[in-house]
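Peer 1: Marked as ATP binding site by Swiss-Prot: G10, V11, E12, G13, S14, G15, K16, T17.
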Amino acid sequence: MRGKFITIEGVEGSGKTTQIQYIARYLTEKNIPHIITREPGGTALGKKIRELLLNPSYPVVPEAEILLYLADRAQHVGEKIIPHLDKGVWVISDRYFDSTLAYQGYGRGFDLTLLKSFIAFATKGLIPDLTVLIDLPPEVGLSRVKGRGEYDRLERETLEFHQRVREGFLQLARDQRFRVVDGRKKPEEIFWEIKGFLEGLNG
């Protein structure tokens, strides 16, 4: 049986990493084989691309930014995601193509139709079984990020940019594969909701 593909999305500081840790623990308890991965940086090549994308000392023009994310995703899908799904392993990814649509499409204003065609090429048309959006006002998320130390290149964008990204995610979340949770809740409460989504997939 093919594995399930689950993606976790949200603005900066939304608590994706914490929820992914909860998900991994849950799947382990249920004896469901799984891997945890991320974009960008889910492969050896992707880690190099991630360094280029998020390092503030490397100025990246918007068009190059899109193509770097797509290169990372193409490698990620071909090298890691599809092979694991084919073996019956569940794949949990911290971000996937919805982040490109939210950040580069809604955030930077690139044509969504064009982006979707690029994404379809890079992903071989692979769509998640479930996408969880942890929704959070960007000012709350950025204040959380500030507590971690230095901002990366995307985190340094304006509040207005991050507000557009959030609105983009909410527009994308109209798709039936999405489930939206309130990122202002306690982490345990958020996971209680996510656990219900996982049980629905595994039923």
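Including glycine, each Cβ sits where the backbone N, Cα and C put it.
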Peer 1: According to DSSP, does G10 (ATP binding site) fall in a helix, a strand, or coil?
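Peer 2: For G10 (ATP binding site) - judged by DSSP and reduced to three states - the answer is strand.
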Peer 1: Within 10 Å of the Cβ of G10 (ATP binding site), how many other Cβ atoms can be counted across all chains shown?
Peer 2: 26
Peer 1: Please name the residue among the binding-site residues S14, T17 whose C-beta has the most neighbouring C-beta atoms within 10 angstroms.
Peer 2: S14
Peer 1: When you average the Cβ positions of G10, V11, E12, G13, S14, G15, K16, T17 for the ATP site, which other residues in that chain have a Cβ within 8 Å of that mean position?
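Peer 2: Residues close to the ATP site, other than G10, V11, E12, G13, S14, G15, K16, T17: I134, L136, G141, R144, G183.
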Peer 1: State the count of C-beta atoms found within 10 angstroms of the C-beta of V11 (ATP binding site), not counting that atom itself.
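Peer 2: Result for V11 (ATP binding site): 27 neighbouring Cβ atoms inside 10 Å.
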Peer 1: Within 10 Å of the Cβ of E12 (ATP binding site), how many other Cβ atoms are there?
Peer 2: 19
